[in-house]
Amino acid sequence: MKKTKIVCTIGPKTESEEMLAKMLDAGMNVMRLNFSHGDYAEHGQRIQNLRNVMSKTGKTAAILLDTKGPEIRTMKLEGGNDVSLKAGQTFTFTTDKSVIGNSEMVAVTYEGFTTDLSVGNTVLVDDGLIGMEVTAIEGNKVICKVLNNGDLGENKGVNLPGVSIALPALAEKDKQDLIFGCEQGVDFVAASFIRKRSDVIEIREHLKAHGGENIHIISKIENQEGLNNFDEILEASDGIMVARGDLGVEIPVEEVIFAQKMMIEKCIRARKVVITATQMLDSMIKNPRPTRAEAGDVANAILDGTDAVMLSGESAKGKYPLEAVSIMATICERTDRVMNSRLEFNNDNRKLRITEAVCRGAVETAEKLDAPLIVVATQGGKSARAVRKYFPDATILALTTNEKTAHQLVLSKGVVPQLVKEITSTDDFYRLGKELALQSGLAHKGDVVVMVSGALVPSGTTNTASVHVL
């Protein structure tokens with residue numbers, strides 16, 4: 001069974017009910033909506049379509065809204081045509097938005113461009129395809145020397161590696177998009193270009209103000225500043241997305257894999273969910289099979305311990321969206337089979353909190369008894385994530401009375417959430433857990449299961465792990 005979860009970006013190729021049903025069958029767990037593209041009517045329809053499919057099939061999936069975030073882009077060019085730049089030529093950026101650009105100058109969307117940059121800084125355009133060095137700053141103009149040949153287009157992303165920029169965490173568009181997300185009841189917000197703790201807090205306050213206090217925030221780490229402040233960002237967030245696209249432009253490409261491993265490890269220790277994203281099966285936008293390197297990349301992220309792997313263009317606009325999900329699911333399943341439980345966390349000598357100690361004990365017991373299933377009663381999802389931290393061989397069946405929690409646990413590795421009407425007592429939990437263990441096919445008559453619950457089942461400290469034979 002596949003334990004690693006798959007996040008699929010949904011676009012024109014995959015938005016119909018028919019396609020969404022096939023994507024769920026193929027292994028999709030979370031629908032990602034990229035708010036850098038599309039309007040509210042399109043995104044609203046996609047959400048409705050997924051909910052219709054879920055109610056018809058009884059399958060559970062989560063919805064993730066990915067914000068555009070505070071980014072810098074190039075503006076208009078003459079005739080809307082790309083311009084060719086040559087290595088060695090001079091090129092100027094201006095903050096005067098009325099300028100229509102050409103092969104010598106273009107306007108950028110960010111007012112503070114001239115104040116944040118210094119002579120000697122690097123400017124990268126279009127995912128780093130064109131590099132420039134700042135040679136002078138005059139008034140509202142930044143004058144650069146072009147470092148390599150390339151074609152510059154309008155509305156292309158501009159990165160300033162190593163420069164701390166004063167853009168707000170939430171652009172006006174993001175604020176409106178988050179309100180839309182609250183109205184639609186999305187499960188997660190993936191917040192782009194998070195640079196520091198206060199960015200996350202600002203987003204959380206905005207969500208709270210519009211009835212979205214239960215939406216989980218996944219912070220996307222996309223630049224050096226985000227990496228430098230990673231610990232404080234992790235603490236303020238519900239999870240992390242390792243956004244390797246922009247990150248690989250902002251930091252040297254050979255550093256990205258080490259940043260990925262560091263972030264995944266810290267997320268596991270903190271019991272926070274982590275998604276590894278960008279270019280995972282990139283060649284499948286055009287080809288029916290991935291490269292061997294891509295298949296290895298997906299497996300490597302899973303071995304690192306990621307909760308989920310993500311498809312972007314592969315599922316939103318590619319030629320082979322279904323094949324991409326199927327192949328990714330196959331790689332997940334194969335790699336999940338070789339993962340061992342991790343009861344020995346290095347340097348984990350600190351005293352464990354009650355919940356964590358009980359959950360760790362449950363995993364240890366399940367390993368020793370070869371139990372195929374650990375059943376957890378969880379209100380907000382903490383206990384289920386505490387069990388997941390130790391990578392049990394057993395599947396985790398998480399019973400919750402909270403619909404939001406059920407959807408959010410869809411993203412956690414190895415967790416199968418199950419919404420139940422009520423759990424009145426510990427005995428009721430044992431009865432219900434055993435019934436659902438058999439019904440779901442996750443365990444069979446005669447199997448040993450480990451059950452984890454609290455004294456006050458509705459909420460409170462998880463303090464009991466017990467062993468049952470079905």
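Placed from the backbone N, Cα and C atoms, the Cβ positions cover glycine too.
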Same-site ATP binder from Arg51, Arg73, Arg195, given that Swiss-Prot records Asn34, Phe35, Ser36, His37, Lys156: Arg73
Candidate sharing the substrate site with Arg32, Gly245, Asp246, Thr278 (per Swiss-Prot), from Lys13, Lys56, Lys220: Lys220
Listed as N6-acetyllysine by Swiss-Prot, one of Lys68, Lys76, Lys86, Lys286: Lys76
Candidate annotated as N6-acetyllysine in Swiss-Prot, where the set is Lys173, Lys319, Lys382, Lys421: Lys319
Any further residue of that chain within 8 Å (Cβ to the Cβ centroid of Asn34, Ser36, Asp66, Thr67) of the recorded K(+) site: Leu33, Phe35, His37, Leu65, Lys68, Gly69, Ala190, Ser192
Phe35, His37, Asp66, Thr67, Glu222, Lys319 screened against Asp246 (substrate binding site), Cα within 10 Å - retained recorded positions: Glu222
Longest CA-CA distance among Arg32, Lys220, Gly245, Asp246, Thr278, per record bound to substrate, angstrom: 18
Cβ-Cβ distance under 8 Å to Lys319 (N6-acetyllysine), same chain, at least six residues away: Ile285, Lys286, Asn287, Pro288
Other residues, Cβ within 8 Å of Arg32, Lys220, Gly245, Asp246, Thr278 Cβ centroid (substrate site): Asp66, Ser192, Glu222, Met241, Ala243, Arg244, Leu247, Ala277, Met310, Ser312
Minimum Cα separation from Lys156 (ATP binding site), reported as the residue among binding-site residues Arg32, Lys220, Glu222, Gly245, Thr278 that achieves it: Gly245
